[in-house]
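According to TrEMBL:
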DOMAIN    84-216  domain 'Nrap protein'
DOMAIN    223-364  domain 'Nrap protein'
DOMAIN    369-523  domain 'Nrap protein'
DOMAIN    544-640  domain 'Nrap protein'
DOMAIN    643-807  domain 'Nrap protein'
Amino acid sequence: MEADSKLNDLLEKSRIDRDSTGTVSFHQLKKPLMLYLKVTSELAPSFVSEIGADKVEFIFKKPNGFRPVGSYSTRCMAKPDASVDLLLHLPKECFHEKDYMNHLYHAKRCLYLCVLKNHLLLSSSVEKVEWSALQNEARKPVLVVFPAKKVDHLPGFSIRIIPSAKSLFDVAMLSMSSNNLPSVTADGDSLPTPTYNLSILEDMFLEENSNLLENRLSQWKALPDALILLKIWARQRSSIYAHDCLNGFLIFVIVSFLARFGYIEKSQNALQIFTKTLEFITTHDFEGSGLFFTAGKTKILASTEENKKFKELFPVLICDPSTHVNLAFRMTSIGLHELRHEASSTLTRMKLSDGGFEEAFMTKIDYPVKYDHCIRLHLEGKIAEPTSVFCLDKEYWRIYEQKVHSLLEQGLGDRAKSIRVVWRNANQGSYVEDGLSVLDREPLFIGISIRSTENAFRMVDIGPDADNKEEVLKFRKFGGDKSELRRLEDGRIAECTVWETQQWRRHLIMKQMIEYIFERHLSLYSDDIVQLVDQLDFSLLYGDKALRLTSVFPPEPHPLVCVKIVERRLHEHMPSCIPTMEVMIQLEGPGDLEIEKTKTDFLLQIVKKLQKVKGITRPATENNVVFMGGYAFRLSILHETGFPTYAPVARLAKRWVSAHLFSGCLAEEAIELLVAHVFLTPLPLGVPLSRFSGFLRFLRLLADYDWWSCPLIVDRNSDFGINDHKDINDNFMSSRKRDEEGRQNISSAMFLAAPYDKASEAWTTFSPNLSEQKRLVASARSSANVLSKLVLQEHNDSVQWESLFRPPLDKYDAVVLLHRENLPYPRRLLFPPKLNQGPKGDHVARWEASTYVNRFLLPGYLERSHEQLKEELMLDSDPTKCFLSVLEASFLIQNRNIKTYRGSYRALLSAETVWDVVEAVKRKRDEDETDPKEILKAVGEMGKGLVRDILVAQVSMTFLKA
């Protein structure tokens, strides 16, 4: 019932009532146009010449009419795409019978739209007119008209004017074996131009095929809603809603085929039709059998020479009723593979207990979150060729996509699970006037899904054996100077490519390979190739690996706890603090209660045993800490993870939480559970195998999850059964029921259920509260949007990337700055505080740094023995945490509501909670005459020696003085 309610809500919010759009102003298009106007290529000279057309001119005649088609006419419009498709019937008088040759039709089609555009711009009812392209085909522009009168609740409402060319040419001259571009030859022989021919045939049968769909939809009550669901599903997936894969028209075609031939029934509801459509997409043989609409009742048309040609020339075949047009002639085999994969993943997720509603319809699966390795190729001015090359049988950009894909497929081999190359370049608004050469301004985008980290991080690729001369030559031609003969472990001698790198940089091997491939085979420079791989590494490059590898700052060995003591003079700046690393031990056997009873004794016994091992000691003040190899280890209990990319993603997540000042409300263990959920519940995507995709999914989990209504269940080993899920949901509902009287009183707005913690009592019992949760969600959403834009758009400077970890300080009323020299680990700070980003106002006071707390052991201490120096080490010393704890406790005792937000180098008082303090003080002013400004001075006094300065925003100071 809940799933049905969600589905109905989604449909209600997504439907666009055709009547609500008002009367679309088609009448403006029917006003008298300038008849007998002589039209020449001067209206778009660059476009005409660059598609390879000869001299073009004709006498303009008014259109044969306009007709709305598509979603508008079938009442299947779905937000946010508020546009109406309007067919423009081109008059036959403007064309000659052989204009199907040499791009003359495409040239006249464009010039006709140029006249219409100029006419529309004279109308007061039109705000603006822009150019777009039909399915990213640059030689087939369309007009996008924005009415001056806005439509309520439909921002960006527009009308797309699409020319149709019914009966303009002899269909026989546009067969799949015909050559209509004499320049397309091989060794002097003419080659067929099937893609070019279909580009014209598509326009000729556009209205006829639209009628077929409209007639079918009018007979089915549930079909419109099913189509809306399919469009929502496809639009959420950038990799398939593209020119070489799926579009709204093809969705209509497939559903219409299913309805016509009994794959779906009129008694089925919208979700059932949606499911049946995905099942058909997943299983049907589009490459071999294809889809055929026929005038009779048979499903498959008898094999003809033309249909054989279709199957030979195109990887996907969806033949229209006329049998002249392959409606899927733009779809590539890669596009079909992506479509099937997405359909299969969605169906798998829908079979689970909750029905997969969120994953199917609400989860955005765009390029940055789907692919592990994203690349932008900046090709402006890099593909300059004779003008005719832009449009032969296929447009040059489609050929270049295939070339890039082929190079990567050959070069990466089994490192890549899938490769997606998309050049969405035909939406440059001025390309008709400026010419096709401007279309290379938009970067070409590449998304790569890694097969496994083991393959991706491999340093040697083994090629053919040395005695296979032909294959060796091919291998060397592709690999160039990276190719070399090597003797393998099994004794074979084979050609290999070697990608030497340091161990901690192995995640960059594919970056190195791709750059080499493009420089060698496409003559690109490194500046032309933007690979989104290591831009976030600046926040992690510190020290060496340790334990779970999830620490943002992996510890370095301390000289005083090493087995061999080196000369003291080398350690004049010997740290006085040493952090401990958690050693988690998972016990088998008794239940939780028994473990709790024996845990302390068990750890003490382990420590005693370890002390007998040479090189292991323990401090006198700690029972469960041991020193070994320069590190301090604190023994405790938990589990290890099984995903190679989990560790760096967890480190990025912790760094982000700390940088955005949420360390005080979100424990490190809670962050690890959130990241674990990303890896353990990857559908409808897959397990993230890169830092970028994993980190972005973590941010979107924080931003998009329904924390108020649903518990987040982290089931590492799939141990939870039906009863466990029931217990967790009961615990969750009980916790929410206790707070249903007022959300502001919720002790924690995040419920994390995991093994041994079904009631979310371990890490999120008291925090984050609702206020903190709102800030956390808002910050995560903002960072996720920034990261997505950085992947997709041209932002290569370090400042943009640093902004992910540099939150604006102007959201706070007060900023407390600390003395860097008194922090235990100042090298962990990514950036110094930028005061110009913070609140503009007064300095409350300034304080000097303390000389009592020292980050390094004083010179006098170095005279002592090694054992005496060990006793001076401070385990897990963190003055910042102590200061904030004392500060919060002090205000709690004084019955004043204050909340601090903890970061790596500063503490901030949030605007909301500082006002709480001010209001509380204002109410008491008559009683104790407390000056609110004195409260902030007291904050500095509590942290005297550690606090450097306190800044207060101008607006806050105005209120404080009131």
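From the backbone N, Cα and C atoms, a Cβ is placed for every residue, glycine too.
Just going by CB pairs under 8 A, the stretch in 84-216, 223-364, 369-523 that sits most against the domain 'Nrap protein' (643-807) is 369-523. Mapped onto DSSP classes, the domain 'Nrap protein' (84-216) shows 47 helix, 37 strand, 49 coil. Averaged over the domain 'Nrap protein' (223-364), the predicted model reaches a pLDDT of 89. Helix, strand and coil counts under DSSP for the domain 'Nrap protein' (223-364) come to 73 helix, 6 strand, 63 coil.
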